[in-house]
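Now, the feature entries from TrEMBL:
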TRANSMEM  B:32-53  transmembrane segment
DOMAIN    B:93-282  domain 'ABC transmembrane type-1'
TRANSMEM  B:101-125  transmembrane segment
TRANSMEM  B:132-153  transmembrane segment
TRANSMEM  B:159-175  transmembrane segment
TRANSMEM  B:214-239  transmembrane segment
TRANSMEM  B:259-281  transmembrane segment
Amino acid sequence: MTDPHADRQDPLLRIAGLAIDYRTGRRRWTPAVRGATLHVGPGEFVSLVGESGSGKTTLVQGALGLLPESARIRAGSIAYSGVDVTGWNDRRMALVRGNYVGFIPQDPNTSLNPVKKIGRQVIEAVRFNEPEARDAAQHRQAALDSLRTAGLKDAERVFHQYPHELSGGMKQRALIAIALAGKPKIIVADEPTSALDVTVQKVILDHLVRLREELGIGILLVTHDLGVALDRSDRILVMRDGEIVEEGPVRRVLENAADDYTRRLLDAAPARHAGRLEPASGPRPLPGREVLRARGLTKTYRLRGRGPRRELRALDGVDLVVREGTTHAIVGESGAGKSTLASILAGFASPDSGTVHLGARELTGLSRRRLREIRRDLQFVFQNPFTSLDPRFTVSEIVAEPLRAFGLARGRRERTDRVTELLKAVALDERHLHRLPGQLSGGQRQRVAIARALALNPGILVLDEAVSALDVSVQAQILRLLVDLQAEYGLSYVFVTHDLGVVRLIADDVSVMKDGVVVETGPVEQVFRSPRHDYTRQLLEAIPGAGLAVAGAR
Amino acid sequence: MTVELDALAAGRRAGFARPIARRLGELARQPILVASWLVVLVVIGWAVVPGLFTSYGPYTGDASASFLPPSAEHWFGTDRLGRDLFARSVYGAQTTLTATLLAVLIAFGVGTLVGLIAGFAGGIVDTAVMRVIDVFLAIPSLLLAMVVVSVLGYSTQNIALAVGISSIASFARVMRAQVLSVVTQDYVKAAYGLGVGRLGVMLRHVVPNSLSSVIALAALEIGTAVLAVASLGFLGYGAPPPQPEWGLLVAEGRDYVAVHPWASILPGAALAVVVIATHRISTSYRKDHRR
């Protein structure tokens with residue numbers, strides 16, 4: 001590699017008119033990136049924002065020379081500090097990666113080698129990126145320095161640990177240490193915090209900002225979360241369908257977005273709305289009597305492993321009340337026990353002790369058959385619409401399944417009518433009747449799942465992270481739909497989520513969970529305005545997109 | 001894009017709605033696959049209407065014309081009794097293929113059912129059934145088949161039964177693994193949540209979603225079964241001598257292989273080509289399925 005500092009005026013990374021195609025047939029190519037242009041200067045924090053399928057990851061892979069076999073660069077150029085690396089083979093690119101550009105991958109849980117100690121993995125990166133040979137002790141020292149720079153205070157201990165012994169946040173720091181090992185000038189991070197909890201996300205992102213200030217490196221952050229991008233970047237780029245549709249300083253984009261799509265993205269961000277979403281049809285129904293009450297729920301899982309029997313207390317004396325026609329949100333980070341709670345409420349699991357009452361009926365300890373009867377009144381919507389629909393069933397078969405199971409709407413005509421009616425309720429129509437889930441988008445699939453849950457006219461829906469797998473703009477539509485359905489059918493929701501931003505939009509009451517215990521519960525307004533528990537305060541502070549809320553309130 | 005989707009949606013199941021012209025176009029780019037299909041179709045033709053492919057009868061011999069080398073008149077040459085070997089191979093297809101098909105059907109049917117029950121029931125049923133299956137797997141399949149034929153008596157039907165029984169275990173294993181992974185899917189949990197009973201969940205969700213890889217295995221297993229049936233025939237466990245059967249044909253020529261090699265080699269080559277062709281087809285199916 002020629003001296004990258006030859007020309008100080010050149011930005012660290014300059015991509016010009018880059019176009020990348022994927023092979024989709026023998027002689028067919030589908031463009032993923034169409035003429036993208038961007039640059040990152042020294043000490044600059046640039047965010048690349050886009051929804052799934054926008055081509056942002058492909059763009060980054062192209063810049064790093066990590067494109068899969070099936071992709072090709074059709075046009076454009078990539079230059080690091082003025083050195084054009086377009087078309088370099090993998091061996092030459094390997095010298096650029098690590099030494100010049102550090103890469104932080106998306107999922108810390110799968111990106112580290114599980115059978116090697118952290119220390120060895122960092123040393124590997126150190127050694128590989130150093131032309132002159134040094135002895136093992138120096139390598140070790142460099143690796144420890146790198147771990148410390150990545151914000152791991154107890155670097156000596158982490159050095160001797162395996163990935164599974166670390167938390168998600170610590171693993172991500174270890175990956176940052178590996179990225180920093182070659183003393184790069186620029187760091188490219190592809191969704192570095194998407195797999196992490198909000199409080200951890202905040203710490204990691206803050207650390208990236210500090211690294212930029214201390215080391216003067218440039219950072220290119222790829223994210224789907226506009227809030228994350230706006231909070232910390234100098235400039236943001238918005239990508240859609242392989243094109244960069246918006247580019248500019250954060251303040252400018254926030255106040256005066258040039259592109260229509262950017263404005264829509266901004267509006268879809270939960271932080272934009274100050275209060276709860278109101279149904280389109282009119283005022284919300286007044287909260288009624290209690291429809292669901294859980295008392296003293298406890299659930300313990302036995303962990304398999306050596307030594308004395310270890311136990312994990314997933315729920316520890318949890319109480320919950322849902323009033324008719326309202327939404328009760330359950331918030332917490334991973335491992336807080338909220339999914340366990342949801343599956344107990346829905347009757348998928350049984351608690352060790354405690355009771356769940358649905359109206360006057362007790363749900364806990366029922367036989368399979370009795371439980372099935374209760375299912376008519378309580379339905380469940382899963383997190384991931386890509387796995388909760390049988391891929392071999394058409395939409396009409398999926399929605400009709402509960403009708404079949406309970407012998408309702410027996411005639412063919414009658415059943416089709418009911419299915420169509422349900423699809424209309426979730427803003428789909430007859431054209432979707434005979435499609436397979438694979439032919440629907442994520443948002444459409446979640447609509448189908450909701451239509452299916454409504455088929456039996458239940459009073460209560462348990463929604464387990466029902467919007468978490470969706471892009472923000474789709475998420476906003478589904479939330480609006482849920483609010484409208486609630487007003488129309490007088491539904492009560494139990495809304496499980498990790499995203500506090502969403503809670504404000506849809507919930508009346510909220511319970512904050514941590515380590516199997518409800519630490520705070522109450523009306524949303526009150527909990528958000530004056531949180532009593534420290535943990536709630538931490539969670540609230542970690543919500544990305546504080547800047548958005550300010551701009552949205554104008 | 002939407003136009004394409006609508007076209008797909010017109011057919012109920014997308015997989016079958018793929019335009020035939022496009023499928024043929026894809027096929028044309030894989031000459032070996034086309035050749036494999038041709039081989040299989042021809043051999044099926046042999047089994048169904050053997051008279052169409054040869055003018056000689058399988059049993060009619062001309063003692064003066066024994067051990068003729070392959071020629072335009074006798075494609076595979078003739079055997080010790082002057083019977084046309086090509087005609088015998090053609091007529092032999094019927095015996096061999098029927099036994100193969102029967103064997104695969106038995107293995108597929110029983111194996112799938114056993115795997116389904118083990119995977120779906122779980123617990124002690126699973127453990128008990130799978131240990132028995134493990135025992136089956138521990139015995140070499142040809143040996144197992146020989147034992148079964150010895151017990152039941154020598155005949156082609158019994159060969160089919162024996163080969164079928166000896167490959168039940170692999171079907172059961174694959175099916176059980178599939179069922180175990182399908183059972184944990186959200187849509188199965190969702191079906192329970194919607195009030196669908198256990199039997200309904202099993203028949204409507206678990207079975208259809210588990211079958212695809214078992215079907216791929218069945219295609220693969222056909223080649224193996226042809227070979228197993230022929231091997232048993234070769235060893236004399238199958239059809240009695242005058243009958244044409246591929247394994248038997250190879251065995252009959254064996255004694256003269258030093259002097260008249262074609263008597264063994266050509267029927268054997270036909271057998272090899274069929275096995276390779278079915279294998280090629282089954283791999284293409286698996287690749288297709290993955291997409």
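Cβ atoms are placed via backbone N, Cα and C, with glycine included.
For the transmembrane segment (B:101-125), the residues of the chain that approach it from at least six positions outside its boundaries are 133, 157, 159-165, 167-180, 183, 202, 206-207, 210-211, 214, 218, 221-222, 225, 228-229, judged by C-beta separation under 8 angstroms. In this chain, the transmembrane segment (B:32-53) does not touch the transmembrane segment (B:214-239); fewer than three CB pairs sit within less than 8 A of each other, excluding pairs fewer than 6 residues apart. Residues 32-33, 35-37, 39-40, 43, 67, 69-70, 76-77, 79-80, 85-86, 88-89, 92, 219-220, 222-224, 226-227, 230, 246-247, 249-250, 252-253 of the same chain lie 6+ residues outside the transmembrane segment (B:259-281) yet bring a C-beta within less than 8 angstroms of a C-beta in it. The list of residues near the transmembrane segment (B:32-53) in space but at least 6 beyond its ends in sequence, with Cβ under 8 angstroms from a Cβ of it, reads 87, 89-91, 93-94, 97-98, 273-274, 276-278, 280-281, 284.
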